[in-house]
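> Pasting in a structure now, in structure tokens, and then I'll have a few things to ask.
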Amino acid sequence: MMDTLYEWFWWDRVWLPVNLTWADLEDRDGRVYAKASHLYVTFPYAIAFLLVRYLFEWLIGTPLAASAGIQEKGRQRVAHNPILELYYLSHSRTPGQADINGLSKKSGWSVRQVERWFRKKRNQDRPSVVKKFREASWRFVFYLLAFSGGLVALHDKEWFYDMREVWNGFPKQSMLESQYWYYILEMSFYGSLLFSVTFDVKRKDFKEQIIHHLATLILLSFSWCVNYIRIGTLVMLVHDASDVLLESAKLFNYAKWTKTCNSLFVVFAIVFLVTRLIIFPFWLIHCTWVYPTLQYPPFFGYYFFNMMLVVLQFLHIFWAYLILRMVKKFLFGNMTRDERSDGEEEEDDDEGSSLSEEEKEDSGHCFTNGSGVRTKEANNGCFTHLSFSANVCQTKTVY
């Protein structure tokens, strides 16, 4: 049964152009091809990335945050209440008024006490600025190294300048050592992001990020197995460019270097829009949609690959919409929070404070056109939740 499923899955008529078989991608005549078995190494490498990340955040990220003046703030812990805890974990973090009234009767607390408990519990569970700074610094280092390595690996290749060269001689294109490591390290990194998704800072676009990471890994795996490696490396390079700017802007935002953060945001927005909405669809998708048909009739793998690229292009449009909304607010001087924010620190009226301690820590520095005005809606900086994949993008979008 398993052997039959295996044969059907790897049927060459599905994944390869007509008149080609997997035998054509076996090593011979000095040519070396990528193999599906090579991808097994990404699992231990993903675990290694998690270990390296932990050491980096502990030994470098935390001291760097301290040197930037970012410190952990003590948070007031809520009183233990089994009834409210159960509802908070199993039903909702933000109960409606009817539920609050019911919980008040069950717990024997006043409605005001129940409301205050949920506010404090939500604030208590929000990640600290130090945690966000550590995560952003780790992603910044990886994306910077990946982008630099991609430039080194591709700057002297003919397909870097001429898209038609991507398919010259396809599929009998020998894999280069630089391509091997570029792919393996990128896939391992995205695997580590999936492994760490449960304890990373959760964004409002959490589902989109999961779809993005899964689509990225599927496309990278597919392109690896059928030797779409040239186009794969080009797409990874294009997307790494904006990710570096995003994470660096977030770092300066957490450190409250407002002018530097604002400048980087503008540059990031321009690079993101150019790479994700112009280069990606009109150069790279065009390259995978038009040029292969000049050599081979369309086949299932061709449609599968391009449809997945289109899925990711829709994600690009979604994130571009959020970025443009931020740019609009920035230009008109009413930027108050990140459009992808998953909630703000909440007021606690009973304590006589207009802002909670965490909100005071994180508010402001959200592109007020130099006015320095802080508002209650200001969140943990305008880049707090812009990791595409990150970034997309968070963040990062590889395909």
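Including glycine, each Cβ sits where the backbone N, Cα and C put it.
Quick paste of what TrEMBL says about this protein:
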type	residues	note
TRANSMEM	38-56	transmembrane segment
DOMAIN	131-332	domain 'TLC'
TRANSMEM	136-154	transmembrane segment
TRANSMEM	180-198	transmembrane segment
TRANSMEM	210-229	transmembrane segment
TRANSMEM	264-291	transmembrane segment
TRANSMEM	303-324	transmembrane segment
REGION	340-371	region 'Disordered'
COMPBIAS	341-361	compositional bias 'Acidic residues'
> With pairs 6 or more apart in sequence, are the transmembrane segment (210-229) and the transmembrane segment (136-154) linked by at least 3 Cβ pairs under 8 Å?
no
> Could you tell me the mean pLDDT the prediction assigns to the domain 'TLC' (131-332)?
90
